[in-house]
Amino acid sequence: MTTLVWLRDDLRLSDNAALSAATDDADGVVVLYLLDEVSEHLRPLGGAAKWWLHQSLRALEHSLGQLGMPLVLRRGAAEEVIPAVARECGADRVLWNRRYGAARDHDAKLKTALRQSDVVVRSYPGDLLFEPWTIATQTGTPYQVYSAFWRACTSGHTPADPLPAPKQLTSVQRDIKSESLDSWLLTPANPDWAAGIASRWEPGESAAHRTLDEFLEDRVQRYSRRDFPAEDTGSELSPHLRWGEISPRQVWHRTLLTGGDVGMFLSELGWREFAKHTAFHFGPLEQRNLNARFDTFPWLFERDAGFDAWKFGRTGFGIVDAGMQELWQTGFMHNRVRMIAASLLTKNLGLDWRIGEAWFWDTLVDADEASNPFNWQWVAGCGADAAPYFRIFNPDLQQKKFDPDGAYVSKWAPYSMTLPQIIDLKATRADALQAYHALVR
Ligand SMILES: Cc1cc2nc3c(=O)[nH]c(=O)nc-3n(C[C@H](O)[C@H](O)[C@H](O)COP(=O)(O)OP(=O)(O)OC[C@H]3O[C@@H](n4cnc5c(N)ncnc54)[C@H](O)[C@@H]3O)c2cc1C
């Protein structure tokens, strides 16, 4: 028997059920990563995400190499490439870990096609704590309110124990053609805008575990201060989770081992889970308002001067400008600042949330097809269990509260203090509320 393992958003060796299942194949295993930028309905990766993917594949190549296993890289449409590689390596079995977004339709079709050619296909739990169909209300419908969803997850369900990394894998005897990672041009060259990203982040499975360990040794005890962006109390695991360099099950069990008050941190993993369950049941989320009532909301679609000022951190609102600079320079923005920046765009500038979501998609290293639009919709008021529309963040007050000594703003956008504010908060807030009241009247 020969096995093809197709890795996707699971760039790790440990707690990788598909890879573990291949260890029983003594005849040969091929491990493949496919860059699919052509299949319909798959969202093309943003620039920062491509940078991360490149580094993460390098790290994976290295750790597979220590098991004597090459990583085969191919590019193209999954429905063509996967059967072709299966034929080339004589695979009678194809294994993968599940995806729950738009790609799952492709996976289902491919499964059927491979089975018709007598190839055994097995899929395993992917990047969630719980399979989306296992968490349901008493009437069998998906949850639409976070607190009830998380209560259901945490009462009566326990995430599966993580699997160890395979100790050995038998590589196939024949040479399987692989493309060069550099030829994919995932990293920017001219200009190389990724220097700030590279100095902040280390992608890869080992780095993901180190990041978790460092967080649990120290910062988790101050996690209740997570809303203060200058204090750096977050785990910064989001890009590692996005690329599956660590699984949420590993984070969950390792966190519980530390004891102490970790409930608040785990409940944030719950938001990730809720976003993905919402995308599974109601997605894709990046185009359609989850609350259809907002379909007629008079958001503006023009990428105008206000949008440019927002993008490049020149709004004159210190905390927003600092966040947009942090994003531009490092591919990341603190969670509370994401909320304030998104609120300014959708409620004060009156722009459609999809415009801001697309900018985050291109610039975040953790850009995630569920979490990003889910959170944008949450802030804009049209999402699942969303912040009520009329709760409009005042960036000046938020700054006073969460960056009281101005450390965050001084770090990322000290120039902002002397910029004029591009809009009148009071007048734009009144306009936004008027539009909202017209909608719900
Ligand atoms: C407008 C907006 C866009 C966002 N886009 C993304 C995105 O594309 N990808 C992404 O992973 N997160 C996104 N988030 C959620 C959140 O901002 C990040 O997950 C968080 O800042 C990551 O930092 P951390 O790893 O230190 O989080 P921690 O506070 O340490 O939380 C632990 C983990 O829980 C998850 N998590 C925490 N908060 C959320 C949340 N609100 N929604 C979903 N998951 C959460 C993340 O995986 C995170 O790594 C967005 C939030 C907003 C308001």
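Placement of Cβ uses the backbone N, Cα and C atoms for every residue, glycine included.
Where the annotation comes from TrEMBL, it is an automatic prediction and has not been curated.
Together with Phe265, Asp366, Ala367, Asp368, the FAD site in TrEMBL holds one more listed residue from Tyr223, Tyr415, Tyr436, which is Tyr223. If you draw a 10 Å sphere around the CB of Trp299 (site 'Electron transfer via tryptophanyl radical'), it holds 21 other CB atoms from the protein chains shown.
Annotated pair Ala367 (FAD binding site) and Trp299 (site 'Electron transfer via tryptophanyl radical'), C-alpha to C-alpha distance, rounded: 23 Å. Proximity of the recorded positions Tyr223, Trp299, Trp353 to ligand 1, judged by a Cβ distance under 6 angstroms to any of its atoms, singles out none of them. Spacing of Tyr223 (FAD binding site) relative to Trp353 (site 'Electron transfer via tryptophanyl radical') is 29 Å (Cα to Cα, whole number). Trp353 (site 'Electron transfer via tryptophanyl radical') sits 27 Å from Phe265 (FAD binding site), taking the Cα positions as reference. Here the Cα atom of Asp368 (FAD binding site) is found 24 Å from that of Trp299 (site 'Electron transfer via tryptophanyl radical'). According to its DSSP assignment, Trp353 (site 'Electron transfer via tryptophanyl radical') is helical.
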